[in-house]
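Worksheet: the structure to be examined is printed underneath.
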Amino acid sequence: MIIKPKIRGFICTTTHPVGCEANVQEQITLTKAKGKIANGPKKVLVVGSSSGYGLSSRIAAAFGSDAATIGVFFEKPGTETKPGTAGWYNSAAFDKFAKAEGLYSKSINCDAFSHEAKQKVIELIKQDLGEIDMVVYSLASPVRKLPDSGELIRSALKPIGETYTATAVDTNKDCIIEATVEPATEQEIADTVTVMGGEDWELWIKALSEAGVLADNCKTVAYSYIGTELTWPIYWHGALGKAKMDLDRAAKALNEQLSATGGSANVAVLKSVVTQASSAIPVMPLYIAMVFKKMRQEGLHEGCMEQIYRMFSERLFRADGAKPETDSDNRIRLDDWELREDIQQHCRNLWPQVTTENLSELTDYREYKAEFIKLFGFGIEGIDYDADVNPYVEFDVIEL
C-alpha cells in the first residue's frame, strides 16, 4: 500500500516501515561514526526499547559496545492493509541490523509491567546470556495494569494546586494558543506516581536479582526530565514531577542494593527532545521549538542518539573507568547544556514575544514538525513515499 502521514491530535496514526528503518539506520551510522565505547556494557536489557531514548540506548549498547541486547516493548504489528506502530518497525529494523553484524538480539512484545514479562526475560537471560551487566529502564506509558490485581491505573499530565495557563502551540493548526490545564486531584497524583514512578523499575531489578541473573558490576539507569521554570508548573511541579521524584527514591534504594556487589543505580536526567512522549505534554512543543533554535545556534544541539552516546561514553562507561559525575541527588545530568543560563534566558525573553505570525521565524517550529513526523517514518530524504510498501513486517520477536 502507499502510506501517507495522518495526524490526529499529537499522534500520527500512520507509520512508514521503510522510513522507520531509515531512522534506525541513521542512529546506527551516527553511533559508529563516534567510535567504540571503551568500557561499554556487553549484555544489556532495555525495558522500553522501541522508540526515543530507549531505542537509542539499545543502539548505543549494540553498535557502540558490541553488546548482546534484549529489548522489551509494547507495540502493534502491521497487517497487509494497516500499518503497525513506529516502535514495531523500529524494533524490526534494529533486529535486522544487529543480526547482520552477528550481534545477539532478542525482542519481547508484551506488557512490561506484568510478572510474565519479567519471567520471560529471566528465562531468556538464563538460556542465552547467563547474566546481564546493564539494565536500562525507559518506559513511557500513560497506563499501568497492576500485575497482581489487574487493575488499570492511568497517569495525568496536570499541574498541582492551581490551574495552569500558558502560551502554547496548537500543532494541528500551527497557531499560538493559550493552554489551560486544570490541577490534578490527590488520586490523580497518586495514580501518576503508580504508573510513571519507580516501583516497576524496582520490581524488575528485584526479579532479576532474585533470579541471580545480574552480574556483580551491573549498572541500571532510568530516564528523567526536570526542565526549567518555564515548564515546571506542568512538569516537575506537576503530577509527572511527583512520579519522577519517586524514580529518585527508587534509584537511592536500588543503588544501596547494587553497590554492595560493585554495581550502581542512577537516574539520568536528559534534555528535552522531540518524542511521542514529549509531544503529549502541553507547552513542551513550543518550549522545544525555542530551545532547539538557540542550542543549534550555539552548536549544542543533541537528538536522542547523541545524548545517549554521551551518557554511555562520558558518564557511565568512561574510558578512565572513573565513576560518573552526579548532582547532589546522585543523578547523572545530561541536561547540562540545555540548562545553561544564556540558553534559558533566551527562552524566557522569547516566550512572551511569540505569535502565530512570527512562530516559524523566532523558533525552530518548522524543524519541530519535521522531527515529529520523522518519528513515524515520514519526511525522510531519499525515500519514495509514492512507492508501494508492505506494512506487514515480521521479525524475531516473542509475543506474550
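Glycine too: its Cβ is placed from the backbone N, Cα and C atoms.
Using a 10 Å radius centred on the Cβ of Tyr235 (active site, proton donor) and all shown protein chains, the other Cβ atoms total 25. Annotated active site, proton donor per Swiss-Prot: Tyr235, in sequence order, evidence recorded as sequence analysis.
The NAD(+) binding site annotation in Swiss-Prot covers 48-53, 74-75, 111-112, 139-140, Lys244, 273-275, and the record cites sequence analysis as its basis. Other Cβ atoms within 10 Å of the Cβ of Leu139 (NAD(+) binding site) number 22 in total over all chains. Secondary structure at Leu139 (NAD(+) binding site), taken from DSSP and collapsed to helix, strand or coil, is coil.
Among the features that Swiss-Prot reports, substrate binding site is placed at Tyr225. DSSP gives Tyr225 (substrate binding site) a coil state; it is part of no helix or strand.
For Glu75 (site 'Plays an important role in discriminating NADH against NADPH'), the same-chain residues 6+ apart in sequence whose C-beta sits under 8 angstroms from its C-beta are Ser50, Gly84, Thr85, Gly87, Trp88, Ser91, Asn109. Per Swiss-Prot, the feature site 'Plays an important role in discriminating NADH against NADPH' maps to Glu75; the stated evidence is sequence analysis.
Listed in sequence order, the residues of the same chain lying 6 or more apart from Phe74 (NAD(+) binding site) and placing their CB within less than 8 Å of its CB are Asn109, Cys110, Asp111, Ala112, Ser141. Geometry remark: Gly48 (NAD(+) binding site) versus Tyr235 (active site, proton donor), CA distance 21 Å. For the pair formed by Gly52 (NAD(+) binding site) and Tyr225 (substrate binding site), distance between Cα atoms is given as 13 Å, rounded to the nearest Å. Same-chain residues at least 6 positions away in sequence with a Cβ under 8 Å from that of Val274 (NAD(+) binding site) are, in sequence order, Ile288, Tyr368, Glu371, Phe372, Leu375. In this structure, the CA atom of Lys244 (NAD(+) binding site) is 9 Å away from the CA atom of Tyr235 (active site, proton donor).
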